[in-house]
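To start, the structure itself, in structure tokens.
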There are 2 protein chains.
Amino acid sequence: MNTKPLKVAVLGCGSVGSQVVRLLGEQAGDLAARVGAPIELAGVAVRRLDAPREIDLPADLLTTDALGLVTRGDIDLVIEVIGGIEPARSLILAALENGASVVTANKALLAEDGPTLFEAAAKAGRDLYYEAAVAGAIPILRPLRESLAGDKVTRVLGIVNGTTNFILDKMDTSGAGFEEALQEAQALGYAEADPTADVEGFDAAAKAAILASLAFHSRVTAADVYREGIADVTAGDVASAREMNCVVKLLAICELRGDAVSVRVHPAMIPASHPLASVRGAYNAVFVESEAAGQLMFYGPGAGGAPTASAVLGDLVTVARNKLAGTRGVGESSYAAREVLPMGETVTSYHVQLDVDDRAGVLASVATAFSEQGVSIQTVRQEGRGADAQLVVVSHPATDAQLAATVEHLRGMDSVRAVTSVMRVEGGE
Amino acid sequence: MNTKPLKVAVLGCGSVGSQVVRLLGEQAGDLAARVGAPIELAGVAVRRLDAPREIDLPADLLTTDALGLVTRGDIDLVIEVIGGIEPARSLILAALENGASVVTANKALLAEDGPTLFEAAAKAGRDLYYEAAVAGAIPILRPLRESLAGDKVTRVLGIVNGTTNFILDKMDTSGAGFEEALQEAQALGYAEADPTADVEGFDAAAKAAILASLAFHSRVTAADVYREGIADVTAGDVASAREMNCVVKLLAICELRGDAVSVRVHPAMIPASHPLASVRGAYNAVFVESEAAGQLMFYGPGAGGAPTASAVLGDLVTVARNKLAGTRGVGESSYAAREVLPMGETVTSYHVQLDVDDRAGVLASVATAFSEQGVSIQTVRQEGRGADAQLVVVSHPATDAQLAATVEHLRGMDSVRAVTSVMRVEGGE
């Protein structure tokens with residue numbers, strides 16, 4: 001055991017930061033044994049010295065000068081749990097320049113500007129680890145980066161946002177509409193007062209970019225990710241899914257397509273028998289398909305102070321060991337430099353529900369609308385209801401452009417009174 | 001990119017070894033990019049040069065002299081997929097002494113004599129990695145050793161043997177008895193002609209020892225693991241479980257109890273709502289509970305040539321990178337040196353089904369049998385059937401010694417015609 005402690009600075013003391021600080025104290029003995037040297041909390045940067053906190057901290061450890069803390073010269077390890085783009089980016093860059101290794105949970109920053117950070121870490125010869133940025137406590141980045149390094153990942157399907165999974169699960173189990181389920185999520189603390197980042201899929205899109213970058217050894221940023229949120233998912237969509245023995249989930253989907261990749265976030269129907277279908281409430285799960293390993297799933301709490309702190313501290317132990325050994329872990333791997341396909345070229349299936357006139361020839365004209373776009377039909381279900389009928393069509397896989405054009409055509413047809421539900425179907429072959 | 005290749009020797013060319021060799025060829029470009037140097041297959045040790053093989057290999061790479069191969073002086077990395085205790089142990093030790101890092105899938109050897117190997121690796125300054133030894137392709141050892149290094153693991157529940165899970169799943173879905181389900185597993189290639197190692201729980205016990213050692217930073221060997229197989233599980237047990245809305249699984253259970261640990265393998269009823277309950281067929285899954293992260297689950301194929309080879313090659317990339325960097329990864333961590341509790345002191349719950357006389361006072365005498373051992377009862381269900389009745393009792397948690405003594409007492413009671421089913425209940429708080 002080394003007796004000289006490694007000094008750690010924690011930037012941010014909100015729900016994650018305060019749990020990190022708590023665990024650094026409570027687990028000090030185990031952390032020292034696992035790292036090979038004691039970890040000493042050298043300072044905690046906060047916005048306001050007098051803010052109420054979940055934990056008690058000696059006043060002399062608190063500072064509002066985060067930049068001063070990371071550049072003071074004796075900090076070995078920096079934990080960034082402030083979130084957002086600035087000042088987090090400047091602080092991480094300054095920490096690396098000053099010789100510290102960095103652990104961050106900042107998905108937004110990594111998805112927007114990861115390469116800048118990775119290059120700075122490589123230049124400084126330091127580690128930049130970020131397991132907590134995707135799916136909270138679930139170990140998924142390390143398995144993708146290391147355990148599957150000898151395999152070829154072909155697809156990643158993730159439920160990576162607990163708020164939207166809670167809302168969709170509520171809609172599924174209670175029949176509630178989106179607004180009602182959102183309000184319950186807010187009342188229970190699963191959704192924020194301004195739920196935009198979760199509900200519109202921005203949070204999931206950032207995570208999708210990070211997952212795709214690691215899975216496919218390429219640079220994928222948030223701007224590359226096609227994104228649809230769940231605000232337009234209706235109780236009717238959820239009921240339609242149920243009739244097909246499916247559930248609706250907001251999925252982060254990263255797929256290898258030839259030499260290119262497709263990266264997207266949108267609600268989708270998946271079969272009830274799919275392992276992701278049973279991920280309930282605010283839980284997260286990531287389903288990985290690879291050539292040799294086959295199908296793997298990683299499941300657990302996707303958010304929360306303590307679970308996220310667990311992921312942060314797992315990284316901290318690794319970067320601390322590396323620091324002691326004078327080495328660094330796996331850095332960015334982007335050698336494959338794969339192109340990201342536009343959404344129109346992405347292959348998917350559509351579930352389309354229509355109100356149509358109940359007369360001869362309507363089914364034929366609907367079928368023609370599909371075939372004119374080169375889309376073949378997997379199943380059709382028709383239900384007469386007097387003068388009108390309901391048609392449910394599930395397509396075979398086709399490009400999103402073909403499918404969208406088909407729906408556009410259907411909307412304009414005289415015999416089609418309304419297109420009542422359109423949703424992609426995922427999780428099959 | 002380093003241009004000098006790292007030389008790898010593969011020991012064993014059965015279902016795993018041949019897939020390792022195949023992937024080393026097919027993924028050569030990606031492996032080189034991820035490692036930072038080409039990986040060159042320097043030799044494959046086999047028992048018989050002329051045995052039929054799944055892959056074509058140049059004759060000059062094959063040798064029957066495994067020891068000569070690992071000691072010839074230029075081998076950087078050794079992959080051991082022979083299995084069993086000897087000659088695998090001698091070959092691994094010789095490889096380490098000759099400066100090679102080792103990747104192995106050998107659960108039996110690690111569970112029997114891991115410390116000897118770990119000490120040899122530490123002395124040689126080389127890596128010994130073994131992700132493939134537990135749950136095939138599922139990344140579980142790396143997450144336990146690294147991702148959760150900042151957390152405190154309190155319990156690991158694993159379905160780590162695909163053969164027995166297939167058999168129990170078959171019994172659950174078809175109502176078949178053990179023998180019938182075993183025969184089907186053998187016909188489909190999920191069970192071997194001599195199924196002892198799987199059915200009697202030896203394979204799962206070796207994996208439990210490995211999981212417990214990593215989870216609790218202690219040395220646990222196969223001899224420390226309490227073990228019961230599934231040969232005595234009846235169709236009636238499975239039906240009883242179903243009536244309680246449970247399923248029967250063969251579980252590897254590793255629990256922290258105060259400063260000690262309990263490590264055991266036995267069939268158990270778990271609630272149908274538990275994430276492990278939906279692990280079907282020959283799949284494996286490991287459920288981990290820790291103080292900060294909460295509940296995590298890792299799911300995937302637990303065996304098979306290609307999935308196991310994926311895990312082997314993931315380790316190979318890591319140890320190859322370490323070799324290039326002149327460093328080594330995390331070695332054995334056994335600082336906690338926890339005692340392993342005898343089974344009698346392990347806390348569990350029992351589900352007991354009895355045929356009893358249907359007369360006044362019998363329930364009272366059965367209840368007294370429990371309370372005399374200090375065991376409190378959680379639920380009782382009685383069903384009259386004419387002169388006799390069936391009683392199903394589920395206990396509250398108590399020590400296995402208390403529970404076993406209770407059952408022993410019940411068996412001797414005049415009013416108890418037969419104890420028809422006894423099974424532990426797990427997966428609750």
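Counting begins at 1 with the first residue displayed.
Cβ from N, Cα, C; glycine included.
The Cβ of B:SER18 (NADP(+) binding site) has 21 neighbouring Cβ atoms from other residues within 10 Å, across all protein chains displayed. Annotation comment: TrEMBL describes B:LEU11, B:GLY12, B:CYS13, B:GLY14, B:SER15, B:VAL16, B:GLY17, B:SER18 as NADP(+) binding site.
Under DSSP, B:GLU192 (L-homoserine binding site) is assigned to coil, being neither helix nor strand in the three-state scheme. The feature L-homoserine binding site is assigned by TrEMBL to B:GLU192.
Residue density at B:LYS207 (active site, proton donor): 28 other Cβ atoms are found within 10 A of its Cβ, drawing on all protein chains shown. B:LYS207 (active site, proton donor) falls within a helical segment according to DSSP. Residues or ranges marked as active site, proton donor by TrEMBL: B:LYS207.
Taken from TrEMBL, the feature domain 'ACT' applies to B:351-424.
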| field | Whole-number mean of pLDDT values that fall within the domain 'ACT' (B:351-424) | value | 93
| Which residues in the same chain, at least 6 apart in sequence, have a Cβ under 8 Å from the Cβ of B:VAL16 (NADP(+) binding site)? | B:VAL81, B:ALA105, B:ALA132, B:GLY305, B:THR308, B:ALA309, B:VAL312
| request: Would you kindly give the Cα-Cα distance separating B:GLU192 (L-homoserine binding site) and B:GLY12 (NADP(+) binding site), rounded to the nearest Å? | output: 19
| said: I'm trying to understand the geometry here, so how far is the Cα atom of B:GLU192 (L-homoserine binding site) from the Cα atom of B:SER15 (NADP(+) binding site), in Å to the nearest whole number? | reply: 14
| request: Go ahead and report the DSSP secondary structure tallies for the domain 'ACT' (B:351-424): helix first, then strand, then coil. | output: 23 helix, 35 strand, 16 coil
| remark: Across the binding-site residues (B:GLY12, B:GLY17), the Cβ with the fewest other Cβ atoms inside 10 Å is that of B:GLY12
| Any further residue of that chain within 8 Å (Cβ to the Cβ centroid of B:LEU11, B:GLY12, B:CYS13, B:GLY14, B:SER15, B:VAL16, B:GLY17, B:SER18) of the recorded NADP(+) site | B:VAL10, B:GLN19, B:VAL20, B:VAL21, B:VAL81, B:ILE82, B:GLY305
| task | Please report how many Å separate the Cα atom of B:CYS13 (NADP(+) binding site) from that of B:LYS207 (active site, proton donor), as a whole number. | result | 23
| query | If you run the three-state DSSP split on B:GLY12 (NADP(+) binding site), which class comes out? | reply | coil
| task | Look at the binding-site residues B:LEU11, B:CYS13 and tell me which residue has the greatest number of other C-beta atoms within 10 angstroms of its C-beta. | result | B:LEU11
